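Colleague: According to TrEMBL, the protein carries these features:
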- 16-25: compositional bias 'Acidic residues' (COMPBIAS)
- 590-649: domain 'CBS' (DOMAIN)
- 701-760: domain 'CBS' (DOMAIN)
- 1-25: region 'Disordered' (REGION)
- 94-115: transmembrane segment (TRANSMEM)
- 161-178: transmembrane segment (TRANSMEM)
- 266-290: transmembrane segment (TRANSMEM)
- 302-322: transmembrane segment (TRANSMEM)
- 343-363: transmembrane segment (TRANSMEM)
- 375-396: transmembrane segment (TRANSMEM)
- 436-453: transmembrane segment (TRANSMEM)
- 465-486: transmembrane segment (TRANSMEM)
- 507-531: transmembrane segment (TRANSMEM)
- 537-558: transmembrane segment (TRANSMEM)
Amino acid sequence: MSDTTHDDAQLNTSESVDDLAMDPEELEDEELEEIRRYEDFTTIDWIQDSILERKRRLRTQRQKVHLSRWNRGSLTFLSLALSRFQTVILAGQSWIVLTLVGICIGLNAAVVSIVSEWLSDIKMGYCSDGWWLNEQFCCWEIEGEEIDGCDSWHSWSHVTLARWIIFVMFATTFSFIASHLVRSFAKYAAGSGISEIKCILAGFVMQGFLGFATFFIKSITLPLVIASGLSVGKEGPSVHVACCVGSLVAGLFETFRRSESKMREIVTAASAAGVAVAFGSPIGGVLFSIEEMSHTFSIKTMWKSIFCALVATFTLAAMNPFRTGKLVLFQVTYDRDWHFFEIIFFVILGIFGGLYGAFVIKFNVQVAAFRRKHLANHGVAEAVTLATLTALIGYFNRFLRLDMTSSMAILFKECEGGGNVFNLCQSSAQWRISNSLLLATIIRIGLVVITYGCKVPAGIFVPSMAIGATFGRMIGIVVKAMYNAYPNSGIFRSCAPDVPCITPGTYAFLGAAAALSGVMRITVTVVVIMFELTGALTYILPTMIVLLVTKAVGDFLGTNGIADEMIRFNGFPFLEKEDHVYNVTVSTVMRKDLNTLSETGMRVKDVESRLSSTNFKGFPIVSSDGSQTLVGYIDRSEIRYVLERARKNRGRLANTPCLFTSRQQEPDDIDMTSDAHDDDEPEEYFAPTTAGEGIQFWPWVNKTPMTVSPELPLEIVMQIFKRMGPRTILVENHGTLSGLVTVKDVLKFIATEKPDYRPSWDERGGLDGLLEEVWTWASTIISRTVLWSRRVLRR
């Protein structure tokens, strides 16, 4: 997120238009910006950010009032047109930024896809017609996916051992370059980035995580990592790269650079565009940002996400990186109906997805703990070792040798129309192919467990989909073999005699959806993504069945998504979306030993001593009579700012009194529409002053901080943190300050008092919640089907 400036004084309504250019408040903002920057690994106070945004709007309105007054006697067409033009530009600035962000994301995704394909194929050979061509473009006139498919494509050697050694050498080299670049220039480019972005959107500050160095290095190393053959994907890192683009482009505009809430909207929209270009699914990208990325998602943010995703997808389609008219390499179309007896096997795929997700999440967290303890300083060696091991093992399995996207493109195909690649559709080879698919599934699961989280750009979307695709295709081949062996059995009675009954490619497709849903714990998003990939309304219901079974298994086992588990493992201050029952009040969790400031009676040396002896981000203000009556709250950065400004005016201030209570009208109460001049307003509103009685801090004191009763249940406090986003909540008992609580206090309580707590089946919704989802989805699909049928009949 961008750095944040703070507006603490109000505009003097008596200023003329000529004086507006030298607004003292704006000068203070520039100075305060150097002090009041959100520090690394701290939390943004979204309520405070909303207050700042309100003050900016008030200032803009007051400037308009002054401008209209000044123009009363000298109104010209030019000045009126200029004013209207500025208004239009400000109103459309968000959409301009979103357009630029979407275009940049689409261009980046196209370049990454093209380079990844070329680097993946260069491990096997080269094109004699042009070294820059990958195998697909080199053998453009040849249909199919077979390796060495044309005369223009030359393998590095015709000796198997030599080809194997060259393959491993390329994989090792790619992984070394990628991991070395990440370690040397951008440590945040490692990993998926989705966990961290979820925390950033919730208000956690990670300086540089969305910076240019991270964007540049991750864009360069991502194709290298994919080509190295590591069991990681580019879809998760694509979301991180897209969010970097959103942050960098929006940071060029002062309106977004000064507002964390506006920047959050752009980054959220960019995350939707990242998924959209990764899967060719703009609506799926928007649903992903709603379901997975953002705690609070307004209608305004949704429209911005849709617009950004559509622009990014349109740009990618215009680039046409695969020269097939498709947005992703494994985009397919199914036009054959399914049968009701196949629901039995769809349920098996759903169970596999739930078990796969639980297995990978559990053991990957253990691997991450081992990595942190023993391999923290050996990231390059670890990545190179994993790439070499993967290449050594994977070369001898055709489904592991290909990159995962190309492998899924083959597994998703129907047998008719060129789908018989690697003899997938040959009955004579069905058991050999099934064994190969099963072996690929088992090996890939093990590689994903140990690889995800290493110090290179690494996603888990595509590896999980590839695992589900190999398992699903194996199930499809088995079901097809059962039909061929017993075509007259009662279970296959609904099959038409002149049409292929079983389509194994659809099982691969559904298996990919199940595995993705199992590891990420998302449902609706996967349904829409898969629908947009196939364009076939026919397979919406099977996809829903599979994903609901996957969700039920995951809920029964009590597993969270891998992104949430990584957040918990890394100790980020992030509250889960689910509400659990802890049966305690906030008084159990709150801090009771507080560092407070007295409204009067303190001197500068006392305040400075408090600042130097603590690292708290703010201090409650209490009454000076000893009753601990809560008066307000002030941030640490505001105290530092007032003291530094006062030193510039007065020099030494050690014994100067500090006043934290106001004795005059609040600036926000000034009537903007009043024609009276306000020349008698005190200068204290605009700058920290040291009047005869002392330094006045009161313009910066928040007199209405977020407060709760000590008896309030902890679950309600968690809801306040998630929905309103305060950094600190003060606990007040009948006007007396009792304590304060932060998100970190809540998470510390959960980790120490209930370390093994997992939500039960009932807390996750139970059977009622599952049936409610089934009813909601079924109603939606039925209504859409009816509308689609009516449109067809009208035609």
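Note that the numbers count up from 1, one per residue, in the order the chain is shown.
Placed from the backbone N, Cα and C atoms, the Cβ positions cover glycine too.
Because TrEMBL annotations are produced automatically, they should be read as predictions rather than curated entries.
Show me how these features fit into the shown structure, please.
Modeller: Under DSSP, the residues of the domain 'CBS' (701-760) split into helix, strand and coil as follows: 22 helix, 15 strand, 23 coil.
If one looks beyond the transmembrane segment (161-178) by at least 6 residues along the same chain, the residues whose Cβ comes under 8 Å of a Cβ in the stretch are 119, 122-124, 155, 221, 224-225, 227-230, 380, 383-384, 386-388, 390-392, 395, 401, 456-457.
With a threshold of 8 Å between CB atoms, the same-chain residues lying at least 6 positions outside the transmembrane segment (266-290) that come near it are 1, 94, 97-98, 101-102, 105-106, 109, 197, 200-201, 210, 234-235, 238-243, 245-247, 249-250, 256, 297, 301-302, 304-313, 316, 326-328, 331, 461, 522, 524-526, 528-529, 532-533.
Same-chain residues lying 6+ beyond the ends of the transmembrane segment (375-396) with a Cβ under 8 Å from its Cβ atoms: 164, 167-168, 171-172, 174-176, 178-180, 182-183, 190, 228-231, 443, 447, 450-451, 454-456.
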Colleague: Decide whether the stretches the transmembrane segment (507-531) and the transmembrane segment (94-115) have at least 3 CB pairs under 8 angstroms, with pairs required to be 6 or more apart in sequence.
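Modeller: Between the transmembrane segment (94-115) and the transmembrane segment (507-531), which are separate recorded stretches, there is no contact, as judged by 3 or more close Cβ pairs.
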Colleague: Count the CB pairs under 8 A between the transmembrane segment (343-363) and each of 94-115, 436-453, 465-486, then give me the winner.
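Modeller: It is 465-486 that shares the most Cβ pairs under 8 Å with the transmembrane segment (343-363).
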Colleague: Find the average pLDDT over the domain 'CBS' (590-649) in the predicted model and report it.
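Modeller: Residues in the domain 'CBS' (590-649) carry a mean pLDDT of 87 in this prediction.
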Colleague: For the domain 'CBS' (590-649), how many residues does DSSP put in helix, in strand and in coil?
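Modeller: Taking each residue of the domain 'CBS' (590-649) in turn, the totals are 24 helix, 17 strand, 19 coil.
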